[in-house]
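Feature annotations, courtesy of Swiss-Prot:
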REGION    1-182  region 'Large ATPase domain (RuvB-L)'
BINDING   21, 22, 63, 66, 67, 68, 129, 130, 131, 172, 182, 219  ATP binding site
BINDING   67  Mg(2+) binding site
REGION    183-253  region 'Small ATPAse domain (RuvB-S)'
REGION    256-344  region 'Head domain (RuvB-H)'
BINDING   311, 316  DNA binding site
């Protein structure tokens, strides 16, 4: 499988490690069983017909394996893959250059596809349906459209916010797959596999501790494993024990539920500064010093999943569970007193 990376990663060393850990075949991909079982059928059928796989939309929170699965799809199809992201496709010419360079059966992977400009997105419609693109030459009275044929290809789009996709684009994906958070038991297996690849041992209790605080997310599990490896090596250990894992998690300020410093800051702000909400995302972002998109895409999905936060039309609201955990001591006493009062 030939791979072309069209975007520069922010941290090359971390990316190289992730590529080492990343499975290359469907059989090695852990979790998302129903999703992968269906994809196996679709891929096998496409290969039997000698056709390109239908276009695939992968949605879900970050770090669950959407990019990994895009590469596996290309590998299983025996195709080359070109990889880019929505923000990089800021001009129609960039997209046209990619599409005209595709060979028959190639996979074009667009990460963060919801961030493509609408004017560029429109060029995808005819490309996905009819394998052609229409380009306007010149302008004014001399303007004319030129139609370019492109080879049949598979577009794999990944998004953390499928609700931001336009209806015309979403309708053109024949396969729509959503990722769910991973159970701790599955993450333990991912951690053990990654530790073998990284060349460091890990005991069952250490793997369990890391998995339990990884927010159901393989990317976070692998990142915590690498940090635990750092602590082990600095301490002169060749093995990640439970004590090393606990030291790592404590130093990184990650609690038993996987909440980090920013998670707690968000919830404490909603509970104590905004009296539990509702609070608008713009006000919340300013209060905690974080970008709105980051809060919505990275932090909120897990806080909602964990039962601490709800979204309403008026803004973000802390749940009762959050009020009990993140309120000040006096406010917690008031909540407990209220709960203890008999009802008439």
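Using the three backbone atoms N, Cα and C, a Cβ is placed for every residue, glycine included.
Rounded to a whole number, the distance between the Cα atoms of residue 311 (DNA binding site) and residue 129 (ATP binding site) is 36 Å. Spatially close to residue 63 (ATP binding site) yet at least six residues away along the chain are 217, 218, 219, 220, judged by Cβ distances under 8 angstroms. The distance from the Cα of residue 131 (ATP binding site) to the Cα of residue 316 (DNA binding site) comes to 43 Å. DSSP classifies residue 21 (ATP binding site) as helix under the three-state reduction. With DSSP states grouped into helix (H, G, I), strand (E, B) and coil, the region 'Head domain (RuvB-H)' (256-344) comes out at 54 helix, 9 strand, 26 coil. In sequence order, 30, 31, 64, 190, 216, 217, 218 make up the list of same-chain residues 6 or more apart from residue 182 (ATP binding site) whose Cβ falls under 8 Å from its Cβ. For the binding-site residues listed here (311, 316), the lowest count of other CB atoms within 10 A around the CB belongs to 311.
Here the Cα atom of residue 311 (DNA binding site) is found 27 Å from that of residue 67 (ATP binding site).
Here residue 67 (ATP binding site) is positioned 30 angstrom away from residue 316 (DNA binding site), judged by their C-alpha atoms. Here residue 21 (ATP binding site) comes close to 193, 194, 197, 198, 222: these same-chain residues lie at least six apart in sequence, with C-beta atoms under 8 angstroms from its C-beta.
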